[in-house]
Amino acid sequence: MQKTKCYKKNDLVALEITDLTEEGQGVGKCDGLVFFVKGSVMGDVVEAKILKVKKNYAYAKVEKLLEASPYRVTPLCPVAGKCGGCQLQHLSYEKELAWKEDRIAQSLIRIAGIPEEEVHAKGEGILGGKTERYRNKAQYPVQNRKEHREEIALGGRAFEEGKKAPEKEQESYDSLDIGFYGFHSHRIIETEDCLINSEENPLILNCIKEWAREYQISGYEEETGKGLLRHIFLRKGFVTGEILLCLVLNGKSLPHGKELWERLQGLSLNDEEGSLQSRADMQCDMDTQSRAELHCGVETQSEDDGHCGLNKKVQEKIVGLCININEARGNAILGRETRCLYGKDSIEDKIGELSFSISVPSFYQVNPVQTEKIYGKALEYAALTGEETVWDCYCGIGTISLFLAQKAKQVYGLEIVPEAIENAKENAEKNGLQNAEFFVGAAEEVLPKWVEEQKREGKDVGNLVDVVSLDPPRKGCDKACLSAALELSPKRIVYVSCDPGSLARDMKYLREGGYTLEKWVGIDNFPRTGHVECIALIQRVKS
């Protein structure tokens, strides 16, 4: 038996990278030890510097690229490798798709126990998408800038939350870091523009920064639990163009929220008669120099630019300002309470022919173009004729439910988030679909309870439901939900998965319950990241 060489931190080791982890780290082996190497892709030959050593594996980073892989490309993002968001910017998209398709297949083979030839025969490939500007939702963590924290700790200038800073001192109050967490850390990596998010976001973030600087709004400190602003949440309707802004607070109120709304809208709300006058219009006679100064130091790009450098078209898209209250210590982004301060508490958007209202806490797929492909495949796999009864578990705001309701006799949607169910009911009414009914509750609780109620009424539960749709979170379905689905004995189960491993685990349980994998297809809902969606058609083979 080969003895593993004793490696230690900071040692250098030459490695050939043969695979990737789902977090985008290269995988190489040497002297019986597995190395996970950040910044490498399959096909690279690298000299790696060891960061941490465990019993059977080690973490490392690329110290020197000895031989570049044919799949390696130059990242477009200036903070690729530092930011923890896009792990695969340095891998060609063609190879990324092939790797993701293989990940799904290998999970079904190794975890679900399905024969390799069967998995490949029933696979329908993977559907790729845009690699830039595809996300309709962004969540930016906020912290006090390190220098600002040190100044306060050393007893420097006083910081008074919500109090307007003297104009001549405002430059020194530029104290917030806004961006995304670094890889495996809670250190914020600032970036002027994230290329997978909406192009309006940098303008809005800049406006928030200027407002926070003027009114001394603090960022949240995880170590102490102090500071007001935790996250900035932005949601955009890709078809309608509507944008909803929510500030997640470590507190119950937002100081100077009206002033922020004024900046975002480019409107003056102080008129005695309540009339709204565009600041962009008010400034149209100013010379370029004075306008640039008024626009918070941001260079004016056109005669349509508004307050804080927000283009007038962007101003018109912002339909609501909300706050979410999250005073709990921990990593959860949203708290339980969301309030609308100005405008609307939701945005409108369309997928296919259907219109949807989407609020802050509601689950809604982040890639609308790929989402239409997902729901189209779900509808295809459900094979509805107009006579079927369908249960849609983890239904969110009713997107899949309503797609299926266009072709089904009756659809029941189930979701744990109350606000999402309210959205789902509104969406059903908005689209004129009266054959969709929605329930609030956890799938693992409500579905088994419903099955037991039908039994008590003397009904044959095996003939009540024709199709079950499952779209669970990354952890997959709770076993109680799957057991109830098996009791219902539907002809078909359509499983929409955002994690190949949990899909394969649940697939194994369903196969043991008398079902078989009929078809599957990968859909790249998150290009340039390690995540991939999969839709599986699972059919009953015995009662």
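Note that Cβ sites are derived from N, Cα and C of the backbone, with glycine treated the same way.
Whatever TrEMBL says is automated annotation, not expert-curated.
Under 8 Å, Cβ to Cβ, and six or more positions away along its own chain, Cys498 (active site) finds Pro473, Arg474, Asn525, His531, Val532, Glu533. According to TrEMBL, the feature active site maps to Cys498.
The feature active site, nucleophile is assigned by TrEMBL to Cys498.
Among the features that TrEMBL reports, S-adenosyl-L-methionine binding site is placed at Gln365, Tyr394, Glu415, Asp471. Around Tyr394 (S-adenosyl-L-methionine binding site), the C-beta neighbours below 8 angstroms that are at least 6 residues distant in the chain are Phe363, Leu414, Glu415, Ala443, Leu470, Asp471, Pro472, Pro473.
The average pLDDT computed over the domain 'TRAM' (5-64) stands at 95. Residues or ranges marked as domain 'TRAM' in TrEMBL: 5-64.
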Other residues, Cβ within 8 Å of Gln365, Tyr394, Glu415, Asp471 Cβ centroid (S-adenosyl-L-methionine site): Phe363, Asp392, Cys395, Gly396, Thr399, Ile400, Pro472, Val496
Same chain, 6+ residues apart, C-beta under 8 Å of the C-beta of Gln365 (S-adenosyl-L-methionine binding site), given in sequence order: Thr371, Ile374, Thr399, Asn525
CB contacts for Glu415 (S-adenosyl-L-methionine binding site) [other CB atoms within 10 A, all chains]: 28
Glu415 (S-adenosyl-L-methionine binding site) - helix vs strand vs coil (DSSP): strand
Cβ atoms near Asp471 (S-adenosyl-L-methionine binding site) (within 10 Å, other residues, all chains): 27
Whole-number Å value of the largest CA-CA distance among Gln365, Tyr394, Glu415, Asp471, listed as S-adenosyl-L-methionine-binding: 15
DSSP state at Tyr394 (S-adenosyl-L-methionine binding site), helix/strand/coil: coil
